[in-house]
Amino acid sequence: MPERLAEMLLDLWTPLIILWITLPPCIYMAPMNQSQVLMSGSPLELSSLGEEQRILNRSKRGWVWNQMFVLEEFSGPEPILVGRLHTDLDPGSKKIKYILSGDGAGTIFQINDVTGDIHAIKRLDREEKAEYTLTAQAVDWETSKPLEPPSEFIIKVQDINDNAPEFLNGPYHATVPEMSILGTSVTNVTATDADDPVYGNSAKLVYSILEGQPYFSIEPETAIIKTALPNMDREAKEEYLVVIQAKDMGGHSGGLSGTTTLTVTLTDVNDNPPKFAQSLYHFSVPEDVVLGTAIGRVKANDQDIGENAQSSYDIIDGDGTALFEITSDAQAQDGIIRLRKPLDFETKKSYTLKVEAANVHIDPRFSGRGPFKDTATVKIVVEDADEPPVFSSPTYLLEVHENAALNSVIGQVTARDPDITSSPIRFSIDRHTDLERQFNINADDGKITLATPLDRELSVWHNITIIATEIRNHSQISRVPVAIKVLDVNDNAPEFASEYEAFLCENGKPGQVIQTVSAMDKDDPKNGHYFLYSLLPEMVNNPNFTIRKNEDNSLSILAKHNGFNRQKQEVYLLPIIISDSGNPPLSSTSTLTIRVCGCSNDGVVQSCNVEAYVLPIGLSMGALIAILACIILLLVIVVLFVTLRRHKNEPLIIKDDEDVRENIIRYDDEGGGEEDTEAFDIATLQNPDGINGFLPRWGLPIQWWEERNPIQTCLFARSRIPRSLRFIFFHKDTKINCITQWTT
C-alpha cells in the first residue's frame, strides 16, 4: 500500500513540477470573488474607478493567483510546497513582508514571509476537511503597514483512493417465495465510499457475488439481487448465504473493496399435496360407547407449512357414513373420527370408511401438479359389551277408567337384554314417582295393575317410572317413563255453578227474567256438557215462577205475574232439578232463593227488608245514615266532656315538692293490716288541708291519730295507700316526720 501511494504521488507531481518551472516567477491567481486573472495595478487607482469603467475595463489588483491544490495523505521528509504569493509592489528589495491567516494558518500551512512560498507542514485528509480558506496580505517590512487590502484564497485537498467501500446496513436478510421464476427480484444492497465521487474513480463502485452462485445474481451498478435459477424448492433447501463484494475504481485492478453477507430465505407456497402416512387404518370401539366419543385419529402429512399445510377431512364413502363423522383438528392437523349414532354389536360387527384429506388453501399456479388431496381406508370393529335392558318403546301411554276395579291390569311394558347371552329381566316401579303407591307391577311380565281407587276429578294424569334390571347383572338397569291417563266416568251429578240469590221487584212485570243461572259438572264427557232443567213434579204448576232453557246451557227464571208484596211474603224458595247427559244420567236438586225487594221505577233494587217498608215516605237510606252519624258524633262529644271534667276535679297529691323526703323507719310493731281497711279515707289523705278535721269516710277524729304510735301510723299508711301516691304525716308530740314514698 505505501508503494502504491508513492507511485501515484510521483505520477501526479511530475507534470506539476514541469509546469511550475516553465511558468514566470509570479504566479497569477484568481481572487475568490472574481473568476478572471487581474493584472497588477495601483490599489488607489482601483478604488477611484467608477462603476461603469469597472464593468468595461478589467480592474487591476496587486495580487494575481489561482486556486491552490494539495494532495491528501502526503508524508514526505520535507513540507510540501503548495504555492507561492507575489505582489507587483515587490521590486525585489526585500522590503515587503507576507502574512498568512485563516484556516490552518501557522499549524497546517506556513508562508515564507520573504518569498511568499506556502508549505503544508502536516499530513492532510480530505475526508476530514476538503478545503481551507486563508487570507493573504503584503505589509511593509519595517512599519508593518498594509500595502494592500487582505485577499482570500482557497486551498483544496485533492482526493486519493484511500477508503474502501463499506456496507453500513449489513449483514442483510431477505425472503423470496419458493418456486419463483428466473430473475425474480430479491432485494437491493448499497455500499458507500468516503472518497470524492467527483474526482476520479475513487468512489465509483462495482458489485459482484463472491458466494451464492448459481442461485442468485447481482446487477453490477445497482446492486439489485435476483434469482439466477427458477423453481427453487423450499422443501429441498430453505436458506441460502450470499457474499456480496463492492469494489471502487470502477472494479479495476488496484481498487479497494468491501464485502457483506445476505441471507435469503425461501418462503413457503402450497406446492405439495397432503399424503396419508398409511393407506389403511384399524380402530376398535365398544358398542356402548357414548355418542360423540373420539374413536381414532388419521393424519395426512404435508411438506408445506402454515396455512399451506392445512387440510380438511371428510368421509366420502363406506357403510358407516350415517354412524360416524370426522372433524379436523387445526392444531394437530389431523382428522378425528367420532360416533354419531349408537352401535349394536348384535346387529353389525364392523364398518369400513373411506376418508379424504384435501388442502384448504390451493394455489392455482400449481393446480397442474395434480389434485391436492389424498384418501385412506378406515376399518372400525365393534366390540361386544354388556348392555342394559332395552324397552320395546321409549315411552308408554296407558289409559284407565276412574271406576276400574282394584288389581285390574292397566297395561304392560316389555324389555329385553340385547346381548347374546340374553339375561332375564325383572321389572319394578320407582316409588319416588309413585309415592301414594297407586300402582303395582308384575316383576316377571311387566303388567301394571291398580292398587288404590282412582278419581279423575282429583288427578287426571299419573306419571311413573318403570325400572328393568338384568337378573344376572344387577348393575345393568334401564328406565322408561309411563304416563297413565285416568278416563272419566259419569260419577258426579250437576249442580249450580255458584250460590245464587235472586231479587224480585215488587213493581216487576209478568214474564220478566228474575235470574239466570248456570250449572257445572265435575265430570268431563267427550262431547261436552248438556244439562236438563226442570221443576219438582209437585211444583210444575207453580203460580209464581216458571223456567226457560237457554241456548248456552243456562237457565232463566221468570215471574208469572206482578203485584208481589214483601209484607205478605218476603222470600220464595224454588227447587230446580238439574240432570246431565251421561250414561247413566245423574241429577241433583238445587234451590234458588228469591227475595222480594223494593225497587225504583227503573228497576234498581233499593231495599229488601220488611222494616224498611214502614219508614216514612221520602226518607232514603242516605238520610238514615246521616242521622246515625250525627247521633254517634254527639255521643263522642259527651264522653270527651265528662272525661275532661273528671280529670280537672282530681286533687293534687303534693303541693310542695320540697317537703318530700324519704326516711327508712325500722320498727318491730305489727301493722293493722286488713282490719284497718275502713279506718281511713284515701281522699282525705290525699288532701293535706283537711287533716285537721274529721275524716268523712272513716269517722275518726284527729285526736285518734295523735294517740297512736307514730310508727304504727306510718305502717298503716304504707299498707293502705297506693304506691303511686306520696304522703307526709306529722305527729305533734314526738315531732317525728313519717315520710313514705313509692314510685311506680
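Quick reminder: no glycine exception, Cβ is built from N, Cα and C everywhere.
Among the features that TrEMBL reports, domain 'Cadherin' is placed at 87-167 (among others).
Among the features that TrEMBL reports, domain 'Cadherin' is placed at 168-276 (among others).
For 277-391 (among others), the entry in TrEMBL reads domain 'Cadherin'. Predicted-model confidence for the domain 'Cadherin' (277-391) is 91, expressed as mean pLDDT.
Look at the domain 'Cadherin' (392-496): DSSP puts its residues at 3 helix, 47 strand, 55 coil. Sequence annotations record features per position, and here TrEMBL assigns domain 'Cadherin' to 392-496 (among others).
Under the heading domain 'Cadherin', TrEMBL lists 496-618 (among others).
Positions annotated as transmembrane segment by TrEMBL: 613-642.
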Counts by DSSP class (helix H/G/I, strand E/B, coil) across the domain 'Cadherin' (277-391): 10 helix, 57 strand, 48 coil
Secondary structure composition of the domain 'Cadherin' (87-167) [DSSP: H/G/I, E/B, coil]: 0 helix, 36 strand, 45 coil
